[in-house]
């Protein structure tokens, strides 16, 4: 009876041992060098005939509890930190030889500890054995080498193909977003940029495509006339804002420009290069055209009275700039004044300028947003507000001595500030000013 019990216990223990070996082998199949950082290469020699399961079982069995729970091989395999252990066995003259490969995603120190632990194994199955670590390979170095070689091959195949640069891709996305910013303005639902409702200056173009092109290049204060008949919204805006007419460089653009100059209060005129349309201009061409804008009064006079084209006017202006070179000052002899002769100097004509407010004028000019400054008599800033909130700010603050803002001085604004006792009103431009109180000095930046 005792013998039977001993045989059964032996069979059960052997069964458990085989199951452990199988479990270790199946766990080893979870990782196939996918996230491996290092590979431990080892060689073994056993004084007898052994098989692969014997070697795997020895590795798991004899290192169990040796390095603590954190570096236990079974736990490391369950969490994927140790990969599938590969073993090759060869038998010769009653002895077994082979190699062991252990993939590791641990760090260098922990991998070295695991490698050293393998060398403590002294038995494989029933036989004495010896394991020696040959090397630890850094898989990432091999991957880097592969990446370099493969990248060279890919580059050779793509070298002749046009690959968009990152900047081009970014610009494409920006353009798509800007196109979504298009709004409809006024009763006529004119295509316009998002800044048209509150911007002090606007650009009037011919059609929707022109507004879209300007939007793509970051210009958000454009509005289209949409046809040869100028809408009432454009006429009304021209009386309240600083308006630049920006038309195509063809016959149609010239006709629309003439109509705009006749029915609207245009301040500046810009044209696309001859033969080109605004909708097809590049950013560089748009900026160059807008920088070369000509005052509307000059264009009106030359266009209607002298019959010159816009481009002739621009060429003449450029020619005048080249001719106006600084000449050397010729020293003229000073007139001799007799002892009894009186020197009569002309009395200076008083100019209405913004002396004493230069610092504040530059401040509003250089601001990214249109702002207004409210000053007291000692030139201290009482309030700094957006130009659209100027009227309410004047109404809410007492003791305002001067108002300086980057916007258009209108009759309504003059009436409001004069009622509050303001002495100085300084702005970018005047528009339709009919009456001006004696106590109020109205000054533009140009003055």
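Here the Cβ of each residue, glycine as well, is placed from N, Cα and C on the backbone.
The domain 'Toprim' annotation in Swiss-Prot covers 200-274. Taken from Swiss-Prot, the feature Mg(2+) 1 binding site covers 206, 248, and the record attributes it to sequence analysis. Residues or ranges marked as Mg(2+) 2 binding site in Swiss-Prot: 248, 250.
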Sparsest-packed among the binding-site residues, when each Cβ's other Cβ atoms within 10 Å are tallied, from 206, 248, 250:
250
Should residue 250 (Mg(2+) 2 binding site) be counted as helix, strand, or coil on the basis of DSSP?
coil
Please count the residues of the domain 'Toprim' (200-274) that DSSP assigns to helix (H, G, I), strand (E, B) and coil.
31 helix, 18 strand, 26 coil
